[in-house]
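As recorded in Swiss-Prot, the features of this protein are as follows:
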- LYS22, ARG59, PHE71, CYS84, ASN85: glutathione binding site (BINDING)
- CYS30: [2Fe-2S] cluster binding site (BINDING)
- 5-107: domain 'Glutaredoxin' (DOMAIN)
Amino acid sequence: MNDIIKKIQNQIQNNPIIIYMKGSPDAPSCGFSAQAVHAISSCGKKFAYIDVLKNPDIRLELPKYANWPTFPQLWVNGELIGGCNIILELFQKGELKKTISICDKLNS
């Protein structure tokens with residue numbers, strides 16, 4: 001296992017909610033990342049982020065590790081939830097907040 005994969009695994013394990021995105025929550029660099037961050041932020045939970053534009057090694061390796069080719073990628077409690085379309089679908093159904101609130105139960 002290479003060092004980048006180990007780094008990704010550590011990030012996912014050490015952050016109950018993490019999004020790999022283009023840009024930052026305050027300044028997303030693509031529309032998909034902006035939409036995903038808006039939906040996640042609306043749930044009222046703190047989350048970590050990794051800007052894949054500033055981390056080209058992660059941008060290259062994460063799609064292979066996750067078996068998910070695009071960004072953003074939302075991970076909750078070590079599991080890949082999905083990209084922008086899935087995040088928005090869960091948000092519109094009211095399920096994203098439930099998915100994210102599981103972190104409170106598991107970490108209490």
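Glycine residues also receive a Cβ, built from the backbone N, Cα and C atoms like all the rest.
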Summarise the domain 'Glutaredoxin' (5-107) as counts of helix, strand and coil residues per DSSP. 54 helix, 19 strand, 30 coil
Can you tell me the CA-to-CA distance separating ASN85 (glutathione binding site) and the residue listed as '[2Fe-2S] cluster binding site', as a whole number of Å? 14
Name, in the order they occur in the sequence, the residues of the same chain whose CB lies under 8 A from the CB of PHE71 (glutathione binding site) and which sit 6 or more residues away. TYR20, MET21, LYS22, CYS30, PHE32, SER33, VAL52, ARG59, GLY83
Would you please pick out, from the binding-site residues CYS30, CYS84, the one with the fewest other Cβ atoms within 10 Å of its Cβ? CYS30
Largest pairwise Cα distance, Å, within the listed glutathione binders LYS22, ARG59, PHE71, CYS84, ASN85? 19
Cβ neighbour count (10 Å, all chains) around ASN85 (glutathione binding site) is 12
Average model confidence [pLDDT] within the domain 'Glutaredoxin' (5-107): 94
Among all protein chains shown, how many Cβ atoms are found within 10 Å of the Cβ of LYS22 (glutathione binding site), not counting that one? 18
